[in-house]
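Taken from TrEMBL as is:
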type: DOMAIN; residues: 1-325; note: domain 'Major facilitator superfamily (MFS) profile'
type: TRANSMEM; residues: 20-39; note: transmembrane segment
type: TRANSMEM; residues: 45-68; note: transmembrane segment
type: TRANSMEM; residues: 132-155; note: transmembrane segment
type: TRANSMEM; residues: 167-185; note: transmembrane segment
type: TRANSMEM; residues: 197-223; note: transmembrane segment
type: TRANSMEM; residues: 235-259; note: transmembrane segment
type: TRANSMEM; residues: 271-291; note: transmembrane segment
type: TRANSMEM; residues: 303-322; note: transmembrane segment
Amino acid sequence: ATPLYLSEVAPPKWRGAFNAGFQFFLSLGVLAAGSVNYGTAKHTWGWRVSLGLAMVPAAVMTMGALLITDTPSSLVERGKIDQARRALHKARGSSIDVEPELEALIRLSKIANSVKQEPFKTMFERKYRPHLVIGFAIPFFHQMTGISIVGFYSPNLFRSVGFGHDAALLSAVILGAVNLTSLLISSSIVDRFGRRLLFITGGICMCLCQVAVSVLLAVATGVDGTKEISKSNAVLVLVLLCFYTAGYGWSWGPLAWLIPSEIFPLKLRSTGQSIAIAVKFIVVFILSQTFLSMLCHLKFGAFLFYAGWIAVMTIFIIFFLPETKGIPLESMYTIWGKHWFWRRFVKEEADQENLP
């Protein structure tokens, strides 16, 4: 729910930064967890501390949820116009005239409520084909970057290339710090340079790093992966994965949450977001169950596998993702009519609706 909430309350010109903030704090939690794991690794009761401290952010989120208001879109959709007006003033500032934005939300809500068809069925209509494809592809590709696998299994991964147990845990902390730094960069430039540029540059960086890691492991450990890797080569693997993590941090990390939360119309927004998140978790479940076996069987080829997917997703972004920078959510429908490929779906459907 969080990316969707942020997209609905954020001013259009800062929407990218707000959602990058979500990924930033998510990564901050990962870094904190990695630091706790490293600090308690030598104690027999350390795992209890690691698990027990998870209740701290859970408690903070629970208390915070009691203090925030619903989004203006949600309030309007439920007929609570005065509350929506107050929520807009709270989000935009008491001196800002929110009536034009409120009127747009009311108009869109009436259109959404006039459609009696169940949202999941509506999603498969031809005019929503662009939304459905993008909403499915972005979370799918996000997991196929391999970042969740690197995050889950980085200690195992670094131990397999020559780091000791403590050094492997420390390496995971280093990757978390790099990710956090790159997210700060992303949040400061995503609304200035747009989503597409960050996707493309991040994809190129990640792809090159994965190929480089694969080549390095093939040379250092042999095709069958039985040779002992030197300390210097192990450090080089860590450096390459740091660059890979940085590329992810300024591109697919925050943007994979942002894009699905901003492209769907009001009547399909919650449904579209639920589909996107479901895809994300289903794919990461499958990958997490298969990665270690794949690493054992494919050796360095496992990194080529993800490099290939990153190349595919970067090409997909170049050709099929329209730029959404600075466009209000209620005007997001305009991007599909201007896109060289998706306009055929939107235009043909609009022509059919206008037939006498």
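Positions of Cβ are set from backbone N, Cα and C atoms, glycine also.
Because TrEMBL annotations are produced automatically, they should be read as predictions rather than curated entries.
Remark: the transmembrane segment (197-223) contacts the transmembrane segment (235-259), by the rule of 3 or more CB pairs under 8 A. Contact count against the transmembrane segment (132-155) (Cβ pairs under 8 Å) is highest for 303-322, out of 45-68, 167-185, 303-322. If you take every residue in the domain 'Major facilitator superfamily (MFS) profile' (1-325) and average the pLDDT, you get 87.
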